Amino acid sequence: METEDVTVREQIFHDRVRETIICVLLFICLYILSHFILTHFKKSAEFVTDDIEDATVNKIALWLCTFTLSVAVCAVLLLPISILSNEVLLTFPHSYYMQWLNGSLIRGLWNLVFLFSNLSLVFLMPFAYFFTESEGFAGSKKGVMARVYETAVMLLLLSLLVLGIVWVASALLHHNTARESLYDLWEYYLPYLYSGISLFGVLLLLLCTPFGLSRMFSVTGSLLVKPRLLENLEETMNCAVFEEASLSRKLKSTNTCWISAHLEALNKEFLSVQSKRITLELRKRASPWQRNLVYPVAMLLLLALTAVSVLMVCFHVLELLFDESAMPRGMEDPHLGLASFSMLGSLGAAVQVVIILYLMVSSVVGFYSSPLFTGLLPRAQDTTLTQIIGNCVSLLILSSALPVFSRTLGITKFDLLGDFGRHDWLGSFHIVFLYNMLFAGLTSACLINTVTWALQRELIRAFGLHRLPLTVSRSTIPLKLLLANGLSKIH
């Protein structure tokens with residue numbers, strides 16, 4: 001009996017060591033990926049300066065941002081990893097090489113992401129921001145440690161302020177919780193704070209994702225070679241070349257006084273024309289199949305993914321009306337390998353993973369396309385450290401809310417693990433139902449608006465009516481004129 005107990009303890013120990021090694025390896029890979037991403041966007045001048053102290057502070061802040069971004073990427077991959085792990089165990093239930101893939105590993109990964117998300121949002125990112133802005137207390141010896149002391153004091157004051165706000169909010173919303181002791185900080189107040197942050201992230205996803213789904217068509221179109229009906233590409237390219245040469249001569253000339261006053265605007269115009277000319281050259285060199293096949297296929301794929309997403313949400317709305325099990329809820333043990341989380345089996349699970357990743361990409365596109373957050377848009381080798389911190393915080397809020405967002409919309413049946421499912425508002429039928437209806441309505445409205453304007457714009461460009469004088473209102477152009485102009489070009 002004693003030998004069996006020792007064997008069980010050894011097995012538990014080896015399982016824990018194996019899970020720790022897997023989580024560490026995954027995090028190292030994501031950290032390296034995040035490091036390359038931030039290195040591509042960071043402003044190198046902030047890290048190579050004559051002031052060694054500022055350079056050291058910026059490097060430490062960049063390390064914290066890299067950690068936060070890696071946690072955000074891991075949060076995005078939580079649901080895809082969980083869904084695919086379940087399908088792998090269903091396909092290979094007795095495989096010796098798949099014994100490491102179990103519910104304990106997935107549950108531990110969810111708990112670690114929840115812990116590090118809290119740590120990054122509440123402590124690391126505020127510390128990084130205050131650290132870069134600090135100079136040390138007046139009269140103290142200058143150095144990195146002086147900045148650390150000032151940052152620690154600022155962070156302590158901010159923590160007390162946030163804790164007070166959370167306590168007041170919990171007391172107003174739930175009268176009994178006002179009697180909670182401060183000893184319940186870790187068990188109650190921090191999860192309550194994260195619940196509020198998660199609710200904010202879910203609401204932000206509700207606004208950004210429909211807008212991003214409509215913007216995905218234009219963003220993808222700008223990256224691909226578009227087919228142009230009835231367009232003289234050679235003529236358009238010659239115009240762009242002549243315009244670029246003219247602007248280049250104006251920039252090189254320093255004799256006229258007005259150039260120095262309008263140099264910045266002229267330079268922006270030159271870069272825009274140059275980018276247009278490069279795009280035209282790429283289109284000219286593109287093969288016929290790339291010019292006429294890739295773009296339509298990509299648009300059809302985006303349209304199919306968007307339509308499937310909206311249909312899944314509409315179907316989930318009907319489920320909410322007739323089935324209580326459709327409500328999002330939390331669970332402690334995922335029970336992997338027992339049944340598929342999709343009625344279509346492995347194919348349906350693969351579709352769920354693709355839809356979840358597609359919605360995340362769309363939400364990021366919508367976030368950076370919105371007027372409120374365009375200033376945060378990172379630029380290669382020209383993003384300040386403050387912007388990097390803001391981007392990391394924003395992406396972490398969006399990604400940490402993605403599991404709750406996907407489960408609330410019914411994209412997947414995989415219930416939320418650990419503290420991700422301990423949000424009070426998840427149990428409210430009215431909130432969940434209204435959320436699904438708003439998402440379906442906003443997405444449909446954005447798509448209808450985008451497709452209508454895009455179709456009108458493409459028709460105008462295809463028939464050459466974009467060259468009309470500005471005094472002519474294009475909205476009043478009759479259909480007969482469109483057809484007549486198009487037929488004359490064909491002949």
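We count from 1, first residue shown onward.
Keep in mind that glycine also has a Cβ here, set from the backbone N, Cα and C atoms.
For 1-20, 81-111, 174-192, 314-346, 406-427, the entry in Swiss-Prot reads topological domain 'Extracellular', with the evidence type sequence analysis. Here Swiss-Prot flags 42-59, 133-152, 214-292, 368-384, 449-491 as topological domain 'Cytoplasmic', drawing on sequence analysis. Summarising the annotation, Swiss-Prot assigns transmembrane segment to 21-41, 60-80, 112-132, 153-173, 193-213, 293-313, 347-367, 385-405, 428-448.
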When pLDDT is averaged across the topological domain 'Cytoplasmic' (42-59), the result is 76
Taking contact to mean 3 or more CB pairs closer than 8 A (sequence separation of 6 or more), are the transmembrane segment (112-132) and the transmembrane segment (193-213) in contact?
yes
Cβ pairs under 8 Å between the transmembrane segment (428-448) and the transmembrane segment (21-41), at least three:
no
What parts of the chain pack near the transmembrane segment (193-213), using Cβ distances under 8 Å and only residues at least 6 beyond its ends?
114, 117-118, 121-122, 162, 166, 169, 306, 309, 359, 361-367, 369-370, 397-398, 400-402, 404-405, 408, 419-420, 422-425, 435, 438-439, 442-443, 445-447
Sequence-distant residues near the transmembrane segment (385-405) by C-beta distance (under 8 Å, 6 or more away from its ends) are 38, 41-43, 46, 58, 61-62, 65, 68-69, 71-73, 75-76, 78-79, 113, 117, 120-121, 125, 128-129, 132, 197-198, 200-202, 204-206, 208-209, 328, 356, 359-360, 363-364, 367, 373, 375-376, 378, 416, 420, 423, 426
For the transmembrane segment (60-80), distant same-chain residues with Cβ under 8 A (at least six beyond the ends)
26-27, 30-31, 33-35, 37-38, 42, 47, 109-110, 113, 116-117, 120, 124-125, 127-129, 131-132, 353, 356-357, 360, 385, 388-389, 392-393, 395-396, 398-400, 402-403, 406, 412, 414
What residues elsewhere in the chain lie close to the topological domain 'Extracellular' (314-346), defined as a C-beta under 8 angstroms and at least 6 residues from its ends?
82-83, 85-87, 89-91, 93, 101-103, 106-107, 352, 404, 407-410, 412-422, 426-427, 429, 432-433, 436-437, 440
Contact set, same chain, for the topological domain 'Cytoplasmic' (133-152): CB under 8 Å, 6 or more residues outside the stretch:
53, 56-57, 127
